[in-house]
Amino acid sequence: MIEVLFLLLPVAAASGWWLGQREWRRRGVNTVSAHPDFLRGLNYLLAEQPDKAIDLFVRLTEVDRETAETHLALGSLFRRRGELDRAIRIHASLIERPQLSPDLRALALFELGQDYLGAGLLDRAEALFQELVRLDLQTERALEALREIYQRERDWPRCLEVAEQLAGLTGMQRPAEVAHYYCELAEDARRRGDLPKARAQIDLALASDPDCMRVLVLAGQMALAEGEAKRALELFRRVAAHGPTYAPEVLPDLIQAMESCGEDVIAELGLLVAGRAHPPLVLALSERIEQTQGASAALDLLADYLAHWADLAVLERFLALRARAAGPDGRTRRYAEVALGVARHLRQHQPIYHCERCGFQARTLHWQCPSCRCWGTIAAILPEPIEQIPAQSP
Ligand SMILES: [Zn+2]
């Protein structure tokens, strides 16, 4: 009997069976006794016959603390393996036990909610987590789960409510997340043409997090659309000066605002590039230089950059200008176009952004990481400096 329990311990460890382990350590394994059907169920598990095991577990007439903890651990294990039907069956049967203690019932409710969440049954999961909050059991975890559900449903007012509840419970404010919720509401209002509402949400976002780049982008876009070029320029300058991640989001609008305000676009872009030579800034400056000073001056700028930094977007632009400048010599043009094709192909497969938290890579900016669902963790991948490798002799 005890040997079987020892055999189960690795299973328990893998499934996060911390409760059971704590109890067993406290009481000593030798004191554990269990219903024969429970042990038969464990044997079925070890024989890789999980459905027979679950049949026995859910039919057990008596569930004490140890067996309940085993139910929880097994349910969690099944969920982690993606076997959500089995997890739901175990956790749901546990909740129906009248003799279950309130703390274990709360754990079972929470686990069942996680099963439903994993299965995409958001309504059922939401009802369970709301029940836990109402009972003030597993409250913080239940609120976190509700926040996850409301984010998936893009129900931003409820996200704000939950964020406020969590702040009241834990004492920890989440200004960056709250600012993003208001930004989402502002974007919704702007899409509907409700500009006063959009402005009000932007003010709330700024009040929550004055350094939120997203709200500066939004406020600048709205100011530019309303003819307030000076204010837009001020906001876009702050975004561009913040760094490479958000500058591409505002570059065309920034240039438009500069033009509207009669600013020297090349001089200002040149200052930005001198401060932080990020590829989108270099590309914007090279386009402007090509328009006003010609292709040779733009090529000089790009060549200076590529002498120090390895970036495929800048290389592609450089080769495109070279191909165009190749003149009537068909062979020279073809060589340049072949190189351009290779650079273009490589660039299309090169990620531009990555999540600083989970490593997710993307070609477009996401305010919320699609993988770990954190807000504001996506950053631009910076080009690598060119290694000075001596040229090989032919
Ligand atoms: Zn992430």
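Each residue, glycine too, has its Cβ placed from N, Cα and C.
As given in TrEMBL:
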TOPO_DOM  21-394  topological domain 'Cytoplasmic'
REPEAT    106-139  repeat 'TPR'
DOMAIN    353-378  domain 'LapB rubredoxin metal binding'
BINDING   CYS355, CYS358, CYS369, CYS372  Fe cation binding site
Tertiary contacts of the domain 'LapB rubredoxin metal binding' (353-378), as residues 6+ beyond its ends and Cβ separation under 8 Å: 148, 151, 176-177, 180, 183, 212, 214, 245-246, 248-249
DSSP residue counts for the repeat 'TPR' (106-139), split into helix, strand and coil: 28 helix, 0 strand, 6 coil
Site of maximum Cβ density within 10 Å, from binding-site residues CYS358, CYS369, CYS372: CYS369
